[in-house]
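**Q** I have a structure I would like to understand better, so I am pasting it below and will then ask my questions one at a time.
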Amino acid sequence: MSKSWGKFIEEEEAEMASRRNLMIVDGTNLGFRFKHNNSKKPFASSYVSTIQSLAKSYSARTTIVLGDKGKSVFRLEHLPEYKGNRDEKYAQRTEEEKALDEQFFEYLKDAFELCKTTFPTFTIRGVEADDMAAYIVKLIGHLYDHVWLISTDGDWDTLLTDKVSRFSFTTRREYHLRDMYEHHNVDDVEQFISLKAIMGDLGDNIRGVEGIGAKRGYNIIREFGNVLDIIDQLPLPGKQKYIQNLNASEELLFRNLILVDLPTYCVDAIAAVGQDVLDKFTKDILEIAEQ
């Protein structure tokens, strides 16, 4: 005997009421999944269905979708050439590639518009999704049993705690605090942030200390502490070229820490586009958590 519509609704409401988690979606990042799957058709409906499916899988009482809208004003203030390498890459596109990109971003815009009818969805000009996600975790993460970050971006692992994990829809893997060494060659988030400050991030055009990769960086952090501890101890002993480079990089280390430390600088990153913007975003997120 098939279920009545009333029974189906009752079970759906009971399932929703049992959810205790928060899910934060890297919305632009998720959109590129459809582009990389060579989708040349509108994908708004599939986009929202994917988020709904993930929300059910991760028992999300609250789901928040975030999008990027231009480069981070905050990071550009500290590093004017931030992500400048991407501008060069885009300038070299063929006319066909430009047309496909324009079409994709139109479809992505449609996906976000449809998403707004189902989930709280935010894009702020000059603020990156990373910073909004970090602030949401800081502001309301403690109100939930667990927080799930949906992104392929490993930078989001700077937000991991015992109660915060990440799922990547490309690797189909979950990333937890206990797995930091396996995925990032460090023992914890503090070391991960310090390693990123030392190495930089060429993908974002952030220069690091020349001659120091993941292995050397990890060994330095293990011996001398986090990046602020290292700065306090400069110059470090040693005649190796990479040590000399490190000793000459105090300003670079400070700058890079500001650029990569999402938990510490997320508030500043949002406020960089206006205190009123931060205040409204704070109010909106707190209201969502109360629902």
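Cβ coordinates come from backbone N, Cα and C, glycine included.
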**Q** Would you mind telling me which of 12-46, 47-81, 82-116 Swiss-Prot tags as region 'Helical arch'?
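**A** Going through 12-46, 47-81, 82-116 one by one, Swiss-Prot flags 82-116 as region 'Helical arch'.
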**Q** Of the candidates Asp130, Asp179, Asp187, Asp188, which does Swiss-Prot annotate as part of the Mg(2+) 2 site that also includes Asp153, Asp155?
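**A** Of Asp130, Asp179, Asp187, Asp188, Asp130 joins Asp153, Asp155 in the Mg(2+) 2 site that Swiss-Prot records.
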**Q** Using Cα-Cα distances with a 10 Å cut-off, which of the binding-site residues Lys83, Asp130, Val209, Ile212 are near Asp155 (Mg(2+) 2 binding site)?
**A** Asp130
**Q** Just counting, how many other CB atoms are there within 10 A of the CB of Asp155 (Mg(2+) 2 binding site)?
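**A** So the Cβ neighbour count for Asp155 (Mg(2+) 2 binding site) comes to 18.
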**Q** Where DSSP helix means H, G or I and strand means E or B, what are the helix, strand and coil counts for the region 'DNA-binding' (188-224)?
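**A** Helix, strand, coil within the region 'DNA-binding' (188-224): 25 helix, 2 strand, 10 coil.
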**Q** Which number gives the other C-beta atoms within 10 angstroms of the C-beta of Val209 (K(+) binding site), all protein chains shown included?
**A** 23
**Q** Counting each residue once, how many in the region 'Helical arch' (82-116) are helix, strand and coil under DSSP?
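**A** Helix (H, G, I), strand (E, B), coil: 29 helix, 0 strand, 6 coil.
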**Q** Calculate the distance in Å between the alpha carbons (Cα) of Asp130 (Mg(2+) 1 binding site) and Asp153 (Mg(2+) 2 binding site), and round it to a whole number.
**A** 9
